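These features come from Swiss-Prot:
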BINDING   R115, H429, H523, H532, E554  substrate binding site
BINDING   D449, D460, E568  Zn(2+) 1 binding site
BINDING   D449  Mn(2+) binding site
BINDING   D460, H523, E554, E568  Zn(2+) 2 binding site
CARBOHYD  N34  N-linked glycosylation site
CARBOHYD  N48  N-linked glycosylation site
CARBOHYD  N64  N-linked glycosylation site
CARBOHYD  N277  N-linked glycosylation site
CARBOHYD  N290  N-linked glycosylation site
CARBOHYD  N294  N-linked glycosylation site
LIPID     A649  GPI-anchor amidated alanine
SIGNAL    1-21  signal peptide
Amino acid sequence: MAQACWGCYPWLVLICACAWGHPKSLNQREDVRNCSTSPPYLPVTAVNTTAQLTALREQMLTQNLSAYIIPDTDAHMSEYIGECDQRRAWITGFIGSAGIAVVTERKAALWTDSRYWTQAERQMDCNWELHKEVSTGHIVTWLLTEIPVGGRVGFDPFLFSIDSWESYDVALQDADRELVSITVNLVDLVWGSERPPLPNAPIYALQEAFAGSTWQEKVSNIRSQMQKHHERPTAVLLSALDETAWLFNLRSSDIPYNPFFYSYTLLTDSSIRLFANKSRFSSETLQYLNSSCNSSMCVQLEDYSQIRDSIQAYTSGDVKIWIGTRYTSYGLYEVIPKEKLVEDDYSPVMITKAVKNSREQALLKASHVRDAVAVIRYLAWLEKNVPTGTVDEFSGAKRVEEFRGEEEFFSGPSFETISASGLNAALAHYSPTKELHRKLSSDEMYLLDSGGQYWDGTTDITRTVHWGTPSAFQKEAYTRVLIGNIDLSRLVFPAATSGRVVEAFARKALWDVGLNYGHGTGHGIGNFLCVHEWPVGFQYGNIPMAEGMFTSIEPGYYQDGEFGIRLEDVALVVEAKTKYPGTYLTFEVVSLVPYDRKLIDVSLLSPEQLQYLNRYYQAIREKVGPELQRRGLLEELSWLQRHTEPLSARAAPTTSLGSLMTVSALAILGWSV
């Protein structure tokens, strides 16, 4: 799935407006609000927020606040958040996944990116202003026009990252305003008994067959890293939910699409303290954690809400706490004396988790074989049913989930399926709903970006297809996206190279003709954990590539108002076999679904690219074919064989991307690793 670093392009508003009919100005449409009329016009989808805003402002008065900031995250800086943390959605009525709300004594404003502008106009009432420039700087600029000198801006420190706190604090202080940390969330006070409760599903241990190492081995590894660190920390604080889940091989279902549970861990050189809801652990799980003893390999369970007090108590001694600043909230950071902090971008657990051992690699590969069966079944089913006019984006998304549900060890989807036909596919993160969707047609391209959570691995794959006659431009764009996928996948590069250095290889074929895409090229992926697993990937802030990492490779192209293309595979970083000695790496693709032959212009492929593609198709036949045969899926096996027939060159390629690509891309990026 393409990561949400899509630029805020104004044309996306027009696309959304066109998606289900001819474009109209916002003032003429009945599905969005019009706050310029008297009385204001509100669609039936708009939420009346007057009562909650009045109550919130009363709470602000008790704290002497001029403004209150409401972000869209949780105390663990999670990408996906649970219902009980949907504070920004509840106060605004806007349920999109990205946005920051600010409430002052007289005004309320929401900042969100271009993916959600139309949705916000449909869901918010006229109590709210919509702002389209999303950054701390723009929010602070607005605040300075709305609150007086000396004004106090409140925030929940558990919902701010350390970097977010610092950026707001510096900007407001420079303008003689004050950023005030308030540990009791004011929205929660207003939400009251209507706020969804914290989840209470059982927290369970993964079966040994699905764990790469025992939790005792992992704890010993992290303690060893503590001892080797030059600052000799006495403890590691784990705040990200996947860190604790990975460390103890524990899972649950608190977060949509992610098998996590609300938790923290304080791992010291002599104790293990797990902060969670104690009532959710069965006697078997407690025994698994050795919770009834007091040695250094016994897990002491403490209440989730006690983490801040426990950190304060621990730091009263002669200690040092090692934190990863990217996922530690300011609410914990502010109570740790600075001389007792050891700070890195990512915790040792986050770094260790990113490199899969041989057992974890085998598990992830196995999950991708079964996932390929489900996706191939779906594509074969579409090929037969789309011409009948009976399939739409929403029913298609449900159908692919049904196919995955028949696979062994399936636990659920790994994110909301992106099932997009025609112009909707030009929206990189579009997902259909039961109410709003388009029919799939043989006359249009169709993009499917989907994935599954299995006990042995997490999957994420994107394929774009066309069942009719694609235009020459569609074929060229598709083929250039495919070339980018191939050239990055087959790249050989020095060990410890940053992903951002090689990212241009996925774009070069598009750049050659003036095309590009606005989202990230790839992200890490976990073993029954996050579908977007940091810190692996091709962006700034990602750690250097290392053998054993898994990453997606997903170039794309999006033609405004017409179609979208994305081709995404998951790949394992492996050691490359080179002619001369040296430590070099390359990628081994583990996604196993063929591309659409109808959309490939073979004349654009170099001999090396064509050879790679045919070898990939042979690998699909060898790894997925026997599974289809074993299960008696003969129709799907026939489909697979047809779609993986070797391709042959029809014309000489107009240019070779080999050495030219290497020289130009590295010159652009300065080859700084």
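The backbone N, Cα and C atoms fix where each Cβ goes, glycine too.
Given the structure is predicted, the values throughout are model-derived calculations rather than measurements.
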Write down the Cα-Cα distance for D449 (Zn(2+) 1 binding site) and N294 (N-linked glycosylation site), rounded and given in Å.
47
Non-local Cβ contacts of N64 (N-linked glycosylation site) (under 8 Å, 6 or more apart, same chain)?
R152
Could you say whether, by DSSP, R115 (substrate binding site) belongs to a helix, a strand or a coil region?
helix
Measuring CA to CA, name the entry from the recorded positions N277, D449, D460, E568 that ends up nearest E554 (substrate binding site).
E568
Which of the recorded positions listed here (R115, N277, H429, H523, H532, A649) have a Cα atom within 10 Å of the Cα of D449 (Zn(2+) 1 binding site)?
H429
If you count the C-beta atoms lying within 10 Å of each candidate's C-beta, which of the binding-site residues H523, H532 ends up with the smallest number?
H532
Whole-Å Cα distance, R115 (substrate binding site) to N34 (N-linked glycosylation site), is 20
What is the nearest of the recorded positions N48, N277, N290, H429, H532 to D460 (Zn(2+) 1 binding site), using the Cα of each?
H532
Rounded distance in angstrom between the Cα atoms of A649 (GPI-anchor amidated alanine) and E568 (Zn(2+) 1 binding site)
24
